[in-house]
Amino acid sequence: MEKAIRNFLSQESAGGILLLVAVVLAMLMANSPLAGLYQGFLGTEVQVRVGALDLHKPLLLWINDGLMALFFLLIGLEVKRELLEGALSSVAQASLPTFAAIGGMLVPAGIYLLFNYGDPVTQVGWAIPAATDIAFALGIMALLGSRVPVALKVFLLALAIIDDLGVIVIIALFYSSDLSTISLIIASIAIVGLVALNRKGVTALAPYGVLGLVLWVAVLKSGVHATLAGVIIAFCIPLRAKDGSSPSEHLEHSLHPWSTFLILPVFAFANAGVALGNMSLDALISPVPVGIALGLMLGKPIGVMLFSYVAVKLKLAQLPDGIGWKQIAPVAAMCGIGFTMSMFIASLAFEQADPMFGDLARLGTLIGSILAALIGYFWLSKVLPKKGV
C-alpha cells in the first residue's frame with residue numbers, strides 16, 4: 001500500500017511541473033503576437049462521422065469533453081479503489097478527510113457567492129473555488145521530499161479524492177442542461193450493459209471499452225456533461241478478478257502516465273491562455289476573479305480546518321497518528337490549489353456567457369492557486385523537521 005502511494009505521488013510531482021510549464025506557455029502565447037495562432041488552433045473544427053452519428057466540435061471542446069472524460073475515468077478508478085480497499089475503506093479512515101473536504105467545498109463556495117450576490121450571470125460560478133487539483137497539490141508537497149510524513153500525504157490524497165467525488169456530483173446536478181430523452185435512454189441501456197458485465201464477472205477490458213464509448217457518445221448528446229461517462233465506466237470495471245488480479249488497477253496504472261503527462265498538460269494549455277491586454281483594472285478586481293481567488297486562498301484552508309477541528313472535537317473523527325494541527329493547517333492551504341479542476345468547472349459554468357467571464361474565472365483561478373501553493377509550501381516547510389525522517 002505504502003509503495004503504491006509513493007509511486008503515485010512521485011509521478012504526480014513530475015506532472016505538476018509539466019502542468020506549470022503548460023500554463024506559462026499558454027499565458028505567453030495568449031499575450032504575444034502568437035495569440036491568433038493559439039486561438040485559431042483551439043478553434044479548429046474537428047468532425048467525426050459514423051453513419052448517422054455526426055460529432056462536429058472545435059478542438060477545445062474535444063479536449064474538454066473527450067480527453068477530460070479519460071481523466072474522470074481515472075478519478076473514478078481511484079475513488080473506487082480507495083473506497084473498497086484504501087484510505088477511505090473504513091469509517092475511521094474516511095471521517096477526517098470527508099469532513100475536511102466538505103468544509104473545503106462549502107466555505108469557498110460561500111465566499112464566492114458573497115462577492116457575487118444578486119448577479120445571476122456570475123453566481124453560476126459558485127463551484128469554481130470548491131475544487132482541488134490533486135496533481136498540482138501533491139506535486140507541491142512532493143518538493144519537500146522525505147520531510148513530509150506519509151500519513152500527511154495520505155490525508156491530502158484522501159481529501160482530494162473526496163473533493164473530486166464532490167465535484168463529480170456538482171457537475172451532474174448543476175452543470176447539465178437541455179436533456180435529450182432519447183440519448184438518456186441509450187445511455188441507460190449502456191449502463192445496464194456495463195453493470196451486467198460486472199455482475200457476470202467479465203474481467204476483459206475490451207467489452208467495457210466498447211460499451212463505454214457508446215455511453216460517452218450518448219451522454220455527450222444527452223445534455224449531461226460527457227466526463228461523467230468516465231466515472232460511470234470506472235465504477236463498473238471490477239476491482240478484483242477471481243484469480244486475485246485487478247482489472248481496475250491495471251487500467252488505472254495504464255492511464256496514469258497518459259493523464260499526468262498528456263491529458264492534464266494539454267487541458268491546462270488549452271484553457272489557461274488568458275489575454276490580459278483586453279482587461280481593465282476594474283475587470284481584474286471584479287467579483288468573479290476576486291471571489292474565486294479569495295475562495296481558494298482563504299476559503300479552502302478555513303473550511304478544511306474549521307470542519308476538521310469541529311469533527312475531532314465532537315469525536316466524529318481523529319487526527320492521523322503522529323500528525324498535529326500545525327501540520328494539517330498548511331496542507332489545508334495547499335487544498336486551495338484549484339488549477340485544472342477549477343478551470344474545468346469555469347469552462348462549464350460560463351459556457352453560455354460572455355467569454356470575458358471565462359477569462360476572469362481562469363485568471364482568478366490562477367492567482368488563487370499560485371498564492372495557495374506558495375503559502376502552503378513555505379508554511380509546511382517551516383513546520384516540518386529540517387531533515388527527512
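Along the chain as shown, the residues are counted starting at 1.
From the backbone N, Cα and C atoms, a Cβ is placed for every residue, glycine too.
Record features, source Swiss-Prot:
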TRANSMEM  17-37  transmembrane segment
TRANSMEM  59-79  transmembrane segment
TRANSMEM  95-115  transmembrane segment
TRANSMEM  124-144  transmembrane segment
TRANSMEM  154-174  transmembrane segment
TRANSMEM  177-197  transmembrane segment
TRANSMEM  213-233  transmembrane segment
TRANSMEM  261-281  transmembrane segment
TRANSMEM  287-307  transmembrane segment
TRANSMEM  328-348  transmembrane segment
TRANSMEM  363-383  transmembrane segment
Closest-packing stretch to the transmembrane segment (261-281), where packing means Cβ pairs under 8 Å, from 124-144, 154-174, 287-307, 363-383: 363-383
Intrachain residues whose Cβ lies under 8 Å of the transmembrane segment (328-348), provided they are six or more past its termini: 19, 64, 68, 100, 104, 108, 125, 127-137, 140-141, 152, 155-156, 159-160, 163-164, 167, 170-171, 175, 225, 264, 267-268, 271-272, 292, 296-301, 304-305, 308, 319, 358, 361-362, 365-366, 368-369, 371-373, 375-377, 379-380, 382-383
CB contact flag for the transmembrane segment (124-144) and the transmembrane segment (59-79), at least three pairs under 8 A: no
Beyond the flanks of the transmembrane segment (17-37) by at least 6 residues, Cβ under 8 Å: 135-136, 139, 260-261, 264-266, 268-277, 339-340, 366
Same-chain residues at least 6 beyond the ends of the transmembrane segment (213-233) whose Cβ lies under 8 Å from its Cβ atoms: 53, 55, 65-66, 68-76, 79, 168, 171-172, 175-180, 183-184, 186-187, 190-191, 194, 348
Cβ contacts under 8 Å made by the transmembrane segment (363-383) with residues that lie 6+ beyond its boundaries: 23, 128-129, 133, 136-137, 140-141, 143-144, 147-148, 272, 274, 276, 279, 284, 288-297, 300-301, 326-327, 329-331, 333-339, 342-343, 346
Non-local residues, at least 6 beyond the ends, that sit with Cβ under 8 Å of the transmembrane segment (95-115): 87-88, 123, 125-130, 132, 155, 158-163, 166, 287, 290-292, 294-296, 298-300, 302-308, 310-312, 316-320, 332, 335-336
For the transmembrane segment (59-79), distant same-chain residues with Cβ under 8 A (at least six beyond the ends): 41-46, 88, 161, 164-165, 168, 212, 216, 220, 225-235, 237, 248-249, 251-252, 255-256, 258-259, 262-264, 266-267, 270-271, 344, 347
